[in-house]
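This report refers to the structure that appears directly beneath it.
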Amino acid sequence: MSNKRTLDGFFKPAESKRPKIEASQEVSSHASYPYPIPHLPCSITDALGFAPAAEAKAINDQPDLDLLHFQPYIPKDVQADLFKFLRREFFFYRVQYTIKRGSIQTQINTPRYTTVFGVDETSYFGVDGSLLESKTKQPVPKDRYKCMPRPLPQCLDVLRKITEGTAGETFNFCLVNYYANGNDSISYHSDDERFLGPNPAIASFSLGAKRDFLMKHKPAPMSMSEPAKPEAKPLKLLLASGDMILMRGTTQTNWLHSIPKRKGADSGAGRINITFRKALVRGGTENYYQYNVGSGGIFRWDNKKQEMVSWKATEGSPTPGPPGTVSLTA
Ligand SMILES: O=C(O)CCC(=O)C(=O)O
Ligand SMILES: [Fe+2]
């Protein structure tokens with residue numbers, strides 16, 4: 001075979017020469033972060049300028065259901081890079097908590113890695129990262145929150161702004177789930193807490209492994225006065241890397257959703273889910289940090305081991321939990 005370079009060779013994009021994911025020099029830091037989070041590499045930020053990459057399919061042919069499904073939202077050429085960047089750069093938690101039903105206490109082990117950023121509408125972060133009251137613009141008293149709210153890092157804020165443009169909504173919270181494999185899951189629930197207000201819009205992104213997204217209508221309350229509504233059929237959407245589901249209107253009030261455990265194809269691979277939401281009152285901030293940060297250890301992605309590993313803080317680094325709690329594992 002000749003080594004002579006052909007014209008074709010000159011004009012073909014040199015795909016293999018593209019740097020993997022170049023590190024950004026700039027970082028997002030905050031007193032509440034265990035360590036800084038690099039800004040998105042320019043290659044990813046630039047590509048996000050082309051989002052949404054596809055028009056949305058409306059799914060609203062069932063009672064009380066109002067969904068938009070973007071397949072995909074994140075352009076194909078950066079889906080894998082964005083997934084790897086976020087998995088590598090975030091700190092995650094594996095939250096445990098107890099619930100009491102009557103006299104019986106049960107320990108719940110959240111079956112996925114989680115993290116959260118943001119603060120409810122009553123507060124905002126000043127340019128120096130300090131927490132200010134929305135009404136008075138004065139510093140929020142130290143004991144206002146049991147948790148330590150933290151601002152969205154730049155890498156999520158870029159996506160938040162684009163998503164706000166698409167959804168015609170504003171968001172102040174970002175929850176991140178990492179499903180390490182098919183054993184990780186989220187059970188049937190609705191994101192209808194009162195602190196989100198009526199008819200909350202929730203934008204939900206998928207990156208990495210494909211997973212089923214199941215939806216079913218909540219049981220209708222028995223009512224003599226209201227006529228029976230037509231039966232709602234359960235729904236199964238296969239969420240692929242780069243997809244975004246916008247859930248809005250009466251969806252959360254009336255429908256439950258879940259990501260069930262998965263066996264077989266793709267069950268060994270990881271998936272990141274990012275949701276943007278708007279919490280109106282303080283209770284939302286306390287709730288989101290309690291169930292997505294908690295008081296357990298911090299986990300980081302270990303690229304050699306290809307798994308999340310427990311991370312030990314160096315002395316003097318801040319703990320992300322409520323002030324005064326010991327939140328680092330050995
Ligand atoms: O992982 C997903 O797609 C769904 C996550 C979810 O429902 C939630 O975090 O409330
Ligand atoms: Fe949810």
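Backbone N, Cα and C atoms are what each Cβ position is placed from, and that goes for glycine too.
Given the structure is predicted, the values throughout are model-derived calculations rather than measurements.
Binding of 2-oxoglutarate is annotated in TrEMBL for ASN177, TYR179, HIS189, ARG271, THR275, ARG277; the matching candidate from HIS217, HIS257 at the same site is HIS257. The average pLDDT for the domain 'Fe2OG dioxygenase' (170-280) in the predicted structure is 94. Neighbour counts of Cβ atoms within 10 Å were compared for the binding-site residues ASN177, THR275, and the top value is held by ASN177. Within the domain 'Fe2OG dioxygenase' (170-280), the DSSP-based counts of helix, strand and coil residues read 7 helix, 46 strand, 58 coil.
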